[in-house]
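Beneath this line is the structure, given in structure tokens, with notes to follow.
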Amino acid sequence: MNTEPSPNHYSAISSSDQNLTRRSGNYQPTMWDFEYIQSIHNDYAGDKYMKRFNELKEEMKKMIMAEGSQELEKLELIDNLQRLGVSYHFKHEIMQILSSIKQHSTPADSLYATALKFRLLREHGFHISQEIFDGLSETHTKDTKGMLYLYEASFLATEGESELEQAWTEKHLREYLKNKNIDQNVAKLVHRALELPLHWRMLRLEARWFISFYKKRQDMIPLLLELAILDFNIVQAAHIQDLKYVARWWKETGLAENLPFARDRLVENFFWTIGVNFLPQYGYFRRIETKVNALVTTIDDVYDVFGTLDELQCFTDAIQRWNTDELDNLPDNMKMCYFALDDFINEVACDALIVPYLRNAWTDLCKSYLIEAKWYFSKYIPTMEEYMDNAWISISAPVILVHAYFLIANPVNKEALHYLRNYHDIIRWSALILRLANDLGTSSDELKRGDVPKSIQCYMNEKKVSEEEARQHIRLLISETWKKLNEAHNVAAHPFPKMFVKSAMNLARMAQCMYQHGDGHGGQNSETQNRIMALLFESIPPA
């Protein structure tokens with residue numbers, strides 16, 4: 001669908017009749033400068049702690065595979081391994097246990113055990129029907145832990161799974177919190193689930209929080225706690241090395257210095273990549289994706305804040321044709337942006353066959369930015385359909401995930417390239433969640449800057465409803481889109497590697513994290529600052 005307004009909605013705007021006083025985003029300087037990043041020291045770098053870590057890992061494997069454990073004990077151990085952030089060390093053991101449970105399990109009489117089994121099996125790609133809950137949910141309303149785990153399991157639902165609707169479990173959990181004599185450990189988990197469900201949370205931040213929570217539990221396993229703390233700190237040290245590398249690259253580009261109107265958010269851009277893939281062996285992935293994020297943020301501000309419409313048309317033409325002749329009439333800092341992007345693509349695409357896919361993704365992004373610029377300069381308020389058709393591209397998720405595929409896939413699959421170019425549902429639904437979460441978190445600030453209306457304002461204008469009603473509608477759309485993303489994740493008939501699918505899911509999770517308390521990307525709110533400090537700059541003391 002053509003998402004541009006019809007010609008009568010705006011007249012041609014030329015540089016001569018535009019006010020060339022440049023807009024300002026009023027963005028604050030970065031909180032973390034180059035010298036600070038390079039000065040960070042982490043005691044867990046190198047091999048100093050690896051011997052002890054490997055000993056703990058071997059002991060943990062024995063515990064996981066120990067004979068005689070009951071099904072529920074195994075499920076609880078797997079759940080703890082996942083929430084503590086160390087399950088990636090035991091993938092084969094976990095899949096072996098879950099495969100056995102799927103094949104030989106008998107129905108549990110506990111809502112808690114059933115919900116835990118359902119969630120873990122679905123998370124690992126096993127088909128399990130919602131019918132497993134038949135007759136259980138209505139008869140176990142006094143089992144608060146069971147209701148909590150059913151609530152968490154419900155977020156793995158796909159479209160049409162009415163048995164897993166969250167409304168009545170949420171109501172029960174909110175009522176539970178009003179009681180005075182309640183289990184404080186359960187209450188903390190309930191509070192956290194109602195704030196944001198586990199399935200939507202950023203994995204590494206959840207591990208950071210859960211380690212502190214697990215440490216205080218009476219059933220804590222000291223071996224597992226020590227392993228989780230060591231793993232967190234060792235992985236954090238690897239992340240810091242990645243950050244130092246991209247900080248040097250960012251400084252060398254000169255973009256922050258020469259484009260003062262743009263957001264200088266390198267650490268936040270790196271934070272995104274940890275959310276998408278934190279695994280220590282994916283350092284190159286994080287380094288390249290941080291560059292993608294930094295370039296996206298800068299080019300977005302060129303369109304949103306700096307460029308005139310004529311300049312943006314020329315810039316888009318240059319990107320579309322990858323021809324420097326289009327740059328002649330552009331300001332030097334816009335030329336610098338173009339060359340930084342072109343250099344980056346040529347650096348990443350070691351295989352010439354990859355270049356067209358990367359360029360196509362960037363072209364689509366810039367064309368979507370241009371559509372929004374035309375809406376802005378003409379003061380046009382798009383319909384909700386027009387906005388959404390363009391906005392899932394302009395949020396940049398397709399660019400991020402196209403790069404992610406080439407960083408993960410080895411070898412590249414021809415069928416996957418077709419799905420990649422046409423933005424498979426896995427990409428589309430992840431992008432839509434990112435867009436809607438972004439709109440909920442940023443629309444107020446962006447409207448103050450004079451940006452194009454977001455989904456909230458488009459819906460308010462079209463349906464003549466209040467802002468709160470529009471926000472509630474956007475929250476509902478996010479929930480429905482998660483069901484579609486769950487379905488796309490479960491479908492076996494796609495040629496993408498599992499790690500790519502996980503990255504797409506994690507991008508949606510990262511969106512929920514970054515915009516949970518407002519604009520955590522551009523606005524540098526205290527919540528995001530604290531999360532970055534906890535994840536990157538503060539090691540966990542030994543237990």
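Any Cβ shown, glycine's included, is placed from N, Cα and C.
Which of 125-129, 300-304, 435-439 counts as motif 'DDXXD motif' depends on Swiss-Prot, and there it is 300-304.
From the candidate list Arg248, Arg263, Arg475, the residue Swiss-Prot records in the (2E)-geranyl diphosphate site shared with Asp300, Asp304, Arg435, Asn438 is Arg263. Arg263 ((2E)-geranyl diphosphate binding site) sits 14 Å from Thr442 (Mg(2+) 3 binding site), taking the CA atoms of both as reference points. Across the motif 'DDXXD motif' (300-304), the DSSP tally of helix, strand and coil residues reads 5 helix, 0 strand, 0 coil.
Asp304 ((2E)-geranyl diphosphate binding site) has a Cβ environment of 23 other Cβ atoms inside 10 Å. Annotation: Asn438 carries the greatest number of neighbouring Cβ atoms among the binding-site residues Asn438, Thr442 [cut-off 10 Å, Cβ to Cβ].
Every protein chain considered, the tally of other Cβ atoms within 10 Å of the Cβ of Arg435 ((2E)-geranyl diphosphate binding site) stands at 27.
Sequence-distant contacts of Asp300 ((2E)-geranyl diphosphate binding site), defined by Cβ-Cβ distance under 8 angstroms and a gap of at least six in the same chain, are Tyr369, Ser396. Classification of Arg263 ((2E)-geranyl diphosphate binding site) by DSSP places it in coil, neither helical nor stranded. Taking the Cα atom of each, Arg435 ((2E)-geranyl diphosphate binding site) and Thr442 (Mg(2+) 3 binding site) are about 10 angstrom apart.
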